[in-house]
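Engineer: Just lifted these from TrEMBL, have a look:
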type: TRANSMEM; residues: 53-71; note: transmembrane segment
type: TRANSMEM; residues: 77-97; note: transmembrane segment
type: TRANSMEM; residues: 109-128; note: transmembrane segment
type: TRANSMEM; residues: 134-158; note: transmembrane segment
type: TRANSMEM; residues: 170-189; note: transmembrane segment
type: TRANSMEM; residues: 209-228; note: transmembrane segment
type: TRANSMEM; residues: 258-280; note: transmembrane segment
Amino acid sequence: MFKTRVLTALVLVPLFLGALFLLPEKGWGLFCAVVMAAAASEWRRIAGMTGRLAVFFPMATSLAFIGVVFFPLPLWVLLGIFSAAGVFWLGVVPCWLARKWLLQRAGHLNIFIGWALLLPAGLAMLHLRGDGWLLLAIMMVAWVADTFAYFSGCLFGRHKLAPAISPGKTWEGAAGALLAVGAYVWFLPKPFAFFPGSFLATDPLTQKMVWLAGGVLLMVVSVFGDLLESLFKRQAGIKDSGHLLPGHGGVLDRIDSLLAILPVAAALYLAHDLFFVVPFGK
């Protein structure tokens with residue numbers, strides 16, 4: 001299993017980095033559309049969609065996303081979508097996890113729940129890309145958190161974080177992830193090179209503190225994303241969302257944390273651009 005995971009990663013990482021840094025804007029958009037289509041296809045299984053609904057959902061998701069690639073949304077619309085996603089992840093999801101609401105009881109609302117999970121994250125992948133480095137830096141928060149949560153949990157895990165949802169996750173693992181993310185963001189070189197013209201860019205200590213606070217917030221949100229997918233899979237009686245990625249499960253298994261992190265990061269970044277950027281020369 002470990003060898004299979006490594007081999008799959010050796011294929012996926014260069015593929016993703018090549019798409020991120022080498023594809024033109026529309027090519028990157030279509031790459032993201034393929035990822036969202038695969039995730040939407042797996043959502044059908046988790047949500048228990050059948051018949052025409054199971055055909056409609058991934059098709060509509062793909063078409064909607066491709067439409068946005070070629071006809072970009074205004075910034076104020078994006079800010080509204082990302083802000084609503086932030087409210088969902090920081091407000092609705094903690095209640096969902098605490099009450100363990102059954103996804104299968106939502107009926108056709110599963111369509112909108114799926115879109116609430118997938119579309120904001122996909123749009124964030126488009127908006128945050130830039131030259132690639134900002135998006136990669138943000139996505140690294142999820143990967144650093146996942147990696148160090150796993151090893152910290154294996155070494156020190158004693159107290160279960162959410163035993164009824166994901167028995168393998170521990171508070172010690174979460175603490176290890178928090179420390180690792182804090183170190184990652186603190187030592188990230190020149191973070192506010194991502195924010196030219198920002199009033200924050202004039203003060204190195206402010207840069208570090210803002211990035212540290214943002215990293216901690218995103219790490220917490222990543223835990224919500226991970227736990228929510230675990231809850232959905234447990235309710236559906238499945239171990240993995242799919243089998244597309246040997247050794248890793250499905251696409252949703254790999255991007256569950258990113259579904260939460262990306263729209264929240266995009267909301268913060270876009271709000272910063274719209275309200276806090278100081279024009280050069282002033």
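Each Cβ is built from the backbone N, Cα and C atoms, and glycine gets one as well.
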Engineer: Can you tell me which recorded stretch out of 53-71, 77-97, 109-128, 170-189, 209-228 has the most Cβ pairs within less than 8 Å of the transmembrane segment (134-158)?
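Structural biologist: By the under-8 Å Cβ criterion, the transmembrane segment (134-158) pairs most with 170-189.
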Engineer: Could you check if the transmembrane segment (209-228) is in contact with the transmembrane segment (109-128), meaning 3+ Cβ pairs under 8 Å among residue pairs at least 6 apart in sequence?
Structural biologist: no
Engineer: Flag the pair the transmembrane segment (53-71) / the transmembrane segment (170-189) as in contact if three or more Cβ pairs fall under 8 Å (sequence separation 6 or more).
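Structural biologist: They do not touch: fewer than three Cβ pairs between the two stretches lie under 8 Å.
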Engineer: What residues elsewhere in the chain lie close to the transmembrane segment (170-189), defined as a C-beta under 8 angstroms and at least 6 residues from its ends?
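Structural biologist: Cβ under 8 Å, 6 or more out: 137, 140-141, 144-153, 156-161, 208, 211-212, 214-216, 218-219, 223.
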Engineer: So what's near the transmembrane segment (77-97) in sequence-distant terms, Cβ-Cβ under 8 Å and 6+ beyond its ends?
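Structural biologist: Residues 116, 119-121, 123-124, 127, 162, 165, 221, 224-225, 227-228, 231, 260, 263-264, 266-267, 270-271, 274 contact the transmembrane segment (77-97) from elsewhere in the chain.
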